[in-house]
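A.B. asks: Relevant sequence annotations retrieved from TrEMBL are reproduced here:
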DOMAIN    288-456  domain 'SSD'
TRANSMEM  29-48  transmembrane segment
TRANSMEM  294-315  transmembrane segment
TRANSMEM  330-351  transmembrane segment
TRANSMEM  358-382  transmembrane segment
TRANSMEM  402-422  transmembrane segment
TRANSMEM  434-456  transmembrane segment
TRANSMEM  574-591  transmembrane segment
TRANSMEM  789-808  transmembrane segment
TRANSMEM  814-835  transmembrane segment
TRANSMEM  842-863  transmembrane segment
TRANSMEM  883-904  transmembrane segment
TRANSMEM  916-939  transmembrane segment
Amino acid sequence: MKLQNLSFEQQFVRGFFFWGLIVHRFRAFFLWIPLFLTALLAFGFIWIKEQTTIDPQFVFSPEDAIWRSERAAITEHWPLNEQKFWPGMSYEYNGYVDVIAAAKPHPEYGYPNMLLKKNIEELDRINKYIIHNLTVTVDLEGRNYTVGFSDLCMTYNWKCYENDHVFMLKPKSTWGTFDVQIAEFAEDIVNSELKVTYPIGWRGTEPIYFGAFVGAPNLIDDEGHFDYVKAVRLTYNVRAGKVDKFSYYWRKKLTKFLTDKEHPVSDRLEFGLFHNESLPEGLQDVADTLTPKFAVMSFLLFAFCVGCSIVILPFEDRFCIDWVRSKPILGLAGIICPLLAVISGWGIVLWSGSLYNAIVNVSPFIVTCIGIDDAFLMTAAWHRTNPEQSPAKRLAETLAEAAVAISITSITDMLTFGIGCMTSLPGVRLFCLYTFWGITFTYLYQVTYFAALMAYCGEMEDKGVHSLLWTETKEPGEYKTYWRRFWFSGSKCRHKDRMESSKQLKELDTESKKQDDGSNQADQGRFLQFLKKIGTHMANDDYEMDTHHTKETFVNHLFRDVYAPFLLNTKTKFYVLLSYFIYIGIALFGLTQIREGLNPKNLVRSSFYLSDFYELIDQTFWLEGLQVQIVVNNPPDLYDEEERHEFHRMVSSFEDTKSTMNHNATMIFWDAYEKHLEDDFTEHKISKPNSSEEYYIRMRDWLLTAGGRNLWEVNMQWASENESDPINYYHLKAFRFQVGLRNYRTPTEHTEGCRLIRSIASSWSKYNVTTFHEYYPFADQYLELKPALIRNCILAVLCMAFVALGMIPHVGAVLVIVCAIVSIDVGVIGYMTLWGVNLESVSMITIIMSIGFSVDLSAHIAYAYVKAEGDNHRKAITALETLGWPVFLGAFSTVIGIMILAFVDAYIVQLFFKTVFLVISFSLLHGIVFLPIFMTVVMPGKMNTDS
C-alpha cells in the first residue's frame, strides 16, 4: 500500500514503529537525556518563592473583572492616609486584623449572650491587653526594641482606633462612679447622649454603626435597643510602609495569641480571626498537607504498578514468579516518569516567569495518574508481542500498538488543559498551565525514557536475566526447593537460539525482502526511510514470526470467554440500556440543581484557624450588618429641590431590597447635614441657605463641628483643600455613603446581591454611581463561571472530536466517542452537584479536566473496536479482550492515586477527589460497559480495517 494511500492513523502507527527501533538502538541516549533535561529545568524552582502569588483576589477572580475598576474609583477619590484612617473605608490597605468574639457555645442552647457581664468584661480585658500589652521584639540597626499596637496603629488625627464600642456594650453600671453631686447629672448625660441601638447608635451627635460591631442581635423595641448579641466584632489596624515588617510580626503574634488551641486566651470566649495573610496561609496550609499525601500516593502506586508487572509462571500444581518476564523496573519507571515530567513541567513554567500559587499543588496527582495510565498501556502492549522476536522488533511493535492509545490520552489531556489556559480566571489558568506542561513532558518521557527502559528490560528478558538480581535464571524444574523456585525461576533465554539462525536486515536482497506491509522503499516515504535507517535493524526471523503471541492468559480468558459474552447477551443489553437511562436521568436532575459559587470558608482546612472566623461570620454578620460602598462620582446640586428629591429616590432605590437593609442602616452625611439645617432654623432661627453657593459653604463649615465629622470627612472629596481657591474649595467633587447588607451568606446570595446593587447603580448613570464590597471579587468569579465553562467545554469537545477523527479513521467511532464525552461530562456535573459540590473556579478546573479524562478510556475501546476483524459481536469481544484489562488497570490506578485526597480535610482537595473519582468511574463504566454495546448498534456489520 502506497504511503499516500495510508490514513493519518496508519502513517502515525508506522512512524512509531520505526521510532521504537530508534529508541532501541540509542536507548542509553534516550535514558539519560530526559534525566539531564529534568535536572536543567529543575533550576526553575530557584524562582518559585519570588514568583509566588498569595493574593486570593487575583487567583480566584477574572483579570478583567468589574470590581477592579470599582475599587480603583474608591482608591482614586480616597487614597490611604495613615493619619486620616477610618476602619472599613480603605480597600488598598492590608494591615488590618478582623476579630469576631463569641461565648463558647452550649451543646444544646447554642451561643450564650455576649452582653452578659462576665462575657463582655472578659472581652474588654482581652482587648485592653492586646492594645497595651501585646508586643513583639524587633531588631533595628543592631538594637532590640519592644513594639506594641500603639507604636504601629493607624490613626485619625493621631488617635488610634481602640474598639471603644466594647466599653459601650458593657452594662452602664460599670461605666464609672461619680460623686454624689454630679451622679444624677452624669446619669442623665449617659442616658440622653449615649444610645446603644441597632443598626446605628449615637455618641452625642456622632453616629456609630453597630451593625458592623454586633452580630445577630435580638431587638426589643422599634428604636433598635437589643438585649442579646451572638458575637462582637473587633478590628486592629496597623501601618505598612517602613514598619510593615514589624506590623507583620505583630499581626502574627496576635493571631497566635487568639487562636492558640493548646493555651487558649480565655475559658469563656472563642475567637475567629482574619487578616490579609490568612487566606494565603490557609491555601498554603492545604498545599503543605498534600506533600506527605503525595509521597503516600507515590508509594501506593509504586506497589500497585510493581504488583501488576509481576508475571506468574505455573509449574505443576503450584505457582511461582517468572522473574524474566516480570518488569518491576518498569513498575518503578511508571512512577518516576511522571515525577520527572512534573519537575520538568513546573521548571519550564517557572523559567518562563509565570506565577505560582498553592492551588496548583494538586497538579502532580493528576499528571502522575495520567502517566501511570500510559505506562499500563505500553506494558500491556509489550506483553502481547511475540516473545520469540528480537527485543527491537518487540519494542517497535509495542510503540506501534500503544502509539494511538497513549497519544489520544496525552494529546486530548494537553488540549483540554491548553484550552483552560485561555480562561480569564487566573487560578484556573495557572493550574491548567502547570498541568499542561506536566502532561506534555509525561508524553515525551513516555516515548523516550520509559521506552528506553523498556528496551533494556526487553534485552534482559531476551537473555533470560533476572529482572531484579541481574543474573541468569533457570526454569522452575531445575530448582529443587520451592523457595528457590519461587524467587529465582524465569523463562528460558531466547537470545542464543535466535542468534544461531538470525541474520541482519542489511544482508537481505532489497528487491525481494519482506516488508511488514508488503510495500517497497519508494512507497514508504523519505521520512520513514530515514527512521528505518537509523533504527535497530531487525533479524530475518522477525519478519517470519507472528507479531503477537497466542498464548492464553487468565485475563484474555476472563474478558473473551466470560465477561464479553455475558455483556453482549440480549437480556444483559436490555438491563444495561435501562441502567444507562437511569444514570442519565439522575444526571439531568442534578444539572437542574446546580449551585454556583465558592464559599471562602471552603478554601481552607476545617482545622485551620480561619475556618472559625468564617463559621462565626456566617452565623452573624453575613446574615445582616455588613456595608456596601455607594460612590457618587458626579454629585447632583443638593441645594436644588428637584435634584434633592431625585437624589433621595436614588438613595432609596438601594435600600430595603432583598440584599440590603432599610434606611435606618444607611450611613450618609446628607441626612445629618439636613437635620443640622433644620435644627438651626427651628431652634436658632437661622434661615436655610438661599443659594447653591451658600449651601456648600455652610456644609463645609458644618464639617468643622459636626458630631460625625471624622466619618463624613472620609466620605467626601472636595475639589480643593486650598481655601484661597473658593470655587473648588466649596465644590463637592464626589462623595460616598454606606448601605447595610443582609442575606449575604451563600455564594449565590453574594452573586445576586452584587448583580442587584450594580444594576441599581447603572440605572442612575447621570450620577456615575460606583458600588463596591470586599466580596465583589468572589461574586465576579461566579458571574464569569458559566459563560467560561460553556465556552471551554464546547471548544474542548470539538478539539477532542478532531483528535479522535485523526487517530481513529472512522466517523461512526468518533461520533460514539463524542457522545460518550458528553454523556460522561453530563454525569460528572450532575452527580457532582448531588454530591454537594458547587460550580466555581476549582470545580471548573476539574470539569475541564474531566473532558480530557473522559475521552481516554472511551477512545481506547473505540480504537480497538475499529481495528478488530469480524462482525460487530466479534469486534466488541476483541476490543474488550485487547484493552479491557489495561483500561481497567489505568482507571483503578487513578482511583488509588486520588483516593488519598479524600483524607485531606479541605473542600478544594476533596472536590478534586470527588470529580476525578466520578469522571474515572463513569469513563470506566462507559468504556467497558456502555460503549461496547452502543458500538454494536451504531457500527453494525463487518468492516474492513483499512476503511
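Using N, Cα and C of the backbone, Cβ positions are placed for all residues, glycine too.
Bear in mind that the values here come from a model prediction, so they are computed numbers and not experimental data.
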A.B. asks: Between the transmembrane segment (883-904) and the stretches 29-48, 294-315, 434-456, work out which stretch tops the count of Cβ pairs under 8 Å.
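C.D. replies: Going through each listed stretch, the top one turns out to be 294-315.
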A.B. asks: Answer yes if the transmembrane segment (434-456) and the transmembrane segment (402-422) have at least three CB pairs under 8 Å among residue pairs 6 or more apart in sequence, and no otherwise.
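C.D. replies: Since 3 or more Cβ pairs under 8 Å link them, the transmembrane segment (434-456) and the transmembrane segment (402-422) do come into contact.
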A.B. asks: Please give the sequence-distant neighbours of the transmembrane segment (358-382): residues at least 6 beyond its ends with Cβ less than 8 Å from one of its Cβ atoms.
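C.D. replies: Hits for the transmembrane segment (358-382): 59, 280, 283-284, 286-287, 290-291, 294, 297-298, 301, 305, 308-309, 327, 330, 333-335, 337-339, 341-342, 345, 394-395, 397-399, 401-402, 405-406, 409-410, 413, 427, 430-431, 434-435, 438-439, 442-443, 446, 450-451, 454, 458, 842, 849, 856, 860, 883, 885-886, 889-891, 893-894, 897-898, 901, 908-909, 912, 916.
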A.B. asks: Do the transmembrane segment (842-863) and the transmembrane segment (789-808) share at least 3 Cβ pairs closer than 8 Å, excluding pairs fewer than 6 residues apart in sequence?
C.D. replies: yes
A.B. asks: Does the chain bring the transmembrane segment (789-808) near the transmembrane segment (29-48), so that three or more CB pairs sit under 8 Å (pairs 6 or more apart in sequence)?
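C.D. replies: Stretch pair does not touch.
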A.B. asks: Can you check how the pLDDT averages out over the domain 'SSD' (288-456)?
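C.D. replies: Averaged over the domain 'SSD' (288-456), per-residue pLDDT gives 86.
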A.B. asks: Any chance you could find the range in 29-48, 294-315, 330-351, 402-422, 574-591 with the most Cβ pairs under 8 Å to the transmembrane segment (916-939)?
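C.D. replies: Of the candidates 29-48, 294-315, 330-351, 402-422, 574-591, 574-591 scores highest.
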A.B. asks: Could you tell me what the rest of the chain brings near the transmembrane segment (294-315), counting residues at least six beyond its ends with Cβ under 8 Å?
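C.D. replies: Beyond its ends, the transmembrane segment (294-315) has Cβ neighbours at 321-322, 325-328, 330-332, 334-335, 339, 364-365, 368, 372, 375-376, 379, 383, 476-477, 485, 489-491, 889, 892-893, 896-898, 900.
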A.B. asks: Is the transmembrane segment (330-351) packed against any residues at least 6 beyond its ends, judged by a Cβ distance under 8 Å, and which are they?
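C.D. replies: Tertiary neighbours of the transmembrane segment (330-351) are 34-35, 37-38, 40-48, 51, 298, 301-302, 305-309, 363-364, 367-368, 370-372, 375-376, 379, 433-442, 444-446, 449-450, 453-454, 457.
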A.B. asks: Counting only residues 6+ away from its ends, which parts of the chain sit with a Cβ under 8 Å from the transmembrane segment (29-48)?
C.D. replies: 23, 340, 343-344, 346-351, 353, 356, 444-445, 448-449, 451-453, 456
A.B. asks: So what's near the transmembrane segment (402-422) in sequence-distant terms, Cβ-Cβ under 8 Å and 6+ beyond its ends?
C.D. replies: 9, 12-13, 15-16, 370, 373-374, 377-378, 380-381, 428-429, 431-433, 435-436, 439-440, 442-443, 446-447, 792, 795-796, 799-800, 803-804, 807-808, 845, 848-849, 851-853, 855-856, 859-860, 863, 883
